[in-house]
Amino acid sequence: MQDAITAVINAADVQGKYLDNNSIEKLRSYFQTGELRVRAAASISANAAGIIKEAVAKSLLYSDITRPGGNMYTTRRYAACIRDLDYYLRYATYSMLAGDPSILDERVLNGLKETYNSLGVPIGATIQSIQAMKEVTASLVGPDAGQEMGVYFDYICSGLS
């Protein structure tokens, strides 16, 4: 896992240079939004179950996918979907705090699409649920933090597409 600070420092170090103005500006921006990210993470952590419940209600609960014959029919499959959404929310929050999506590649996306395809998990419905989670989260944390979180939800969706 990498964070915004490590990414900037590593880039300069690889080149054997001091931080340039662009690097300093990236760090300044990261630190200026630090309080916003921490407050958003606290709010998401305190409301994670509600975020997931509302996202499922918006995207999956009344669709064909939850009816007999659907890919989320049976309690076990439904529970696995809820577990995965919780996982995406948690790791998107970690990424938002770090200001870097690398943890999503390392811990979420590597091999996920292939696994879902082999298990018959509908990727379109998964993406729809993540987008619903993005909307619910943005309404909870406000537009600025919601936009920041949206970057990481979109990153997950892009990785699944």
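Sequential numbering from 1, following the chain as shown.
Note: Cβ is positioned from N, Cα and C throughout, glycine not excepted.
What Swiss-Prot records for this protein:
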- Asn71: N4-methylasparagine (MOD_RES)
- Cys81: (2R,3E)-phycocyanobilin binding site (BINDING)
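In this view, Cys81 ((2R,3E)-phycocyanobilin binding site) is surrounded by 22 other Cβ atoms within 10 Å of its Cβ, with every protein chain counted. Secondary structure at Cys81 ((2R,3E)-phycocyanobilin binding site), taken from DSSP and collapsed to helix, strand or coil, is helix.
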